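This report refers to the structure that appears directly beneath it.
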Amino acid sequence: MRPLWPSPQRVAGPAFTVRCPRGDNLMLHAAIHRAEPGSVIVVESGDMDYALAGGNVCAVAQRRGIAAFVADGVIRDLAEVRAMGFPVFARGVIPIPGTKAAVEPFNVPVRCGGVRVHAGDVVVADEEGVVVVPRDRREQVLLDARAKLAKEAAESLDVWEAAHRARIDGILRANGFEG
């Protein structure tokens, strides 16, 4: 999953999971009225032929405080959605809307972008892509991320370069590379 335009804001929030069968977007449209503010609505679809959402759905989601959509499918009205600044991470764009008929349960495990996502998992998304942190690991992952950031902030490029070269040269030697 990638952002549909360059440099969207970084977003993070608990996953509100939705499943939409091919050609149908009913449950995403229902989710914008049921997900808590701050949620990232994560959609399993895989459909590249019919849009899951358009400008009005994204505008209502934004107004209701939804943090973002992460959709294994496509949306429409890209210029409108980009202009409002609502973060959407999806597989692409198509101008054809889906139907609204298939009822599916909310907050069941879904597969989005090849990753299993459960309701309440932490979703972090930015211009580099999307990461899903299982909810039972979120505290440890946060501690590890803060430690890594602190280490990187304290290390000069010269120190990093020397350590990097030593590590790479060690791997090469261990694998019989000479040169």
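The backbone N, Cα and C atoms fix where each Cβ goes, glycine too.
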Co-listed substrate-binding residue [TrEMBL; alongside Gly54, Gly55, Asn56, Val57] among Arg34, Arg76, Arg82
Arg76
When you average the Cβ positions of Gly54, Gly55, Asn56, Val57, Arg76 for the substrate site, which other residues in that chain have a Cβ within 8 Å of that mean position?
Ala51, Ala53, Cys58, Ala59, Ile75, Asp77, Glu80, Val81
Span of Gly54, Gly55, Asn56, Val57, Arg76 around substrate - largest C-alpha separation, Å
10
By a simple count, how many Cβ atoms lie within 10 Å of the Cβ of Asp77 (Mg(2+) binding site), its own Cβ left out?
20
